[in-house]
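Below is one structure, written out as structure tokens; the observations come after it.
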Amino acid sequence: MKVLILACLVALALARELEELNVPGEIVESLSSSEESITHINKKIEKFQSEEQQQMEDELQDKIHPFAQTQSLVYPFPGPIPKSLPQNIPPLTQTPVVVPPFLQPEIMGVSKVKEAMAPKHKEMPFPKYPVEPFTESQSLTLTDVENLHLPLPLLQSWMHQPPQPLPPTVMFPPQSVLSLSQSKVLPVPQKAVPYPQRDMPIQAFLLYQEPVLGPVRGPFPIIV
């Protein structure tokens, strides 16, 4: 009897242990099934979100397309556009475009810089010496003396006066011109003219004078 009771007790204990072992297995199965359901639900949620996003994009494209169609070119005539132009149309004359030669600001700036860097050399002018016009001395010729018809005493007093040479004009030529003029000057032949005496008549004095064809350019002193 004791053996049977012990066997029953052992069997009960084993049965309890088996039940305890079966409970975690069910829990594991339930957990695994719950995880699968969670993943399935997540997949459904993602699919739903992707469908919503795709629907929103389609709606935006539908809104953009009619706006682009309204902006398209509208031709006034319903017929097709001819690809080739008719031959009767004369060719268009192209008017030549005239560009004024304006300097660009960059080029102007470069030219100004060049002028500032390399200034032009100013040539010094040669000094101009004052040149006085040559004054011809108004000398009386034989015809002038005859045409004067002066009285005899006045003419004698004028004849007795010794000739006074005029003061020479003051010139300041360069040294080179002065040297050339001095080297090329020829000696003037001096003729001895007899000085008229007081008792000599005018007609005798006029015989000694040579006829002068033109005005004398320079006063020459009379050498006695």
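Placement of Cβ uses the backbone N, Cα and C atoms for every residue, glycine included.
Per Swiss-Prot, the features are as follows:
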- Ser30: phosphoserine (MOD_RES)
- Ser32: phosphoserine (MOD_RES)
- Ser33: phosphoserine (MOD_RES)
- Ser34: phosphoserine (MOD_RES)
- 1-15: signal peptide (SIGNAL)
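There are 10 other CB atoms within 10 A of the CB of Ser33 (phosphoserine), with all protein chains counted.
Taking Cβ-Cβ distances under 8 Å and a sequence separation of 6 or more, Ser34 (phosphoserine) has no neighbours in its chain.
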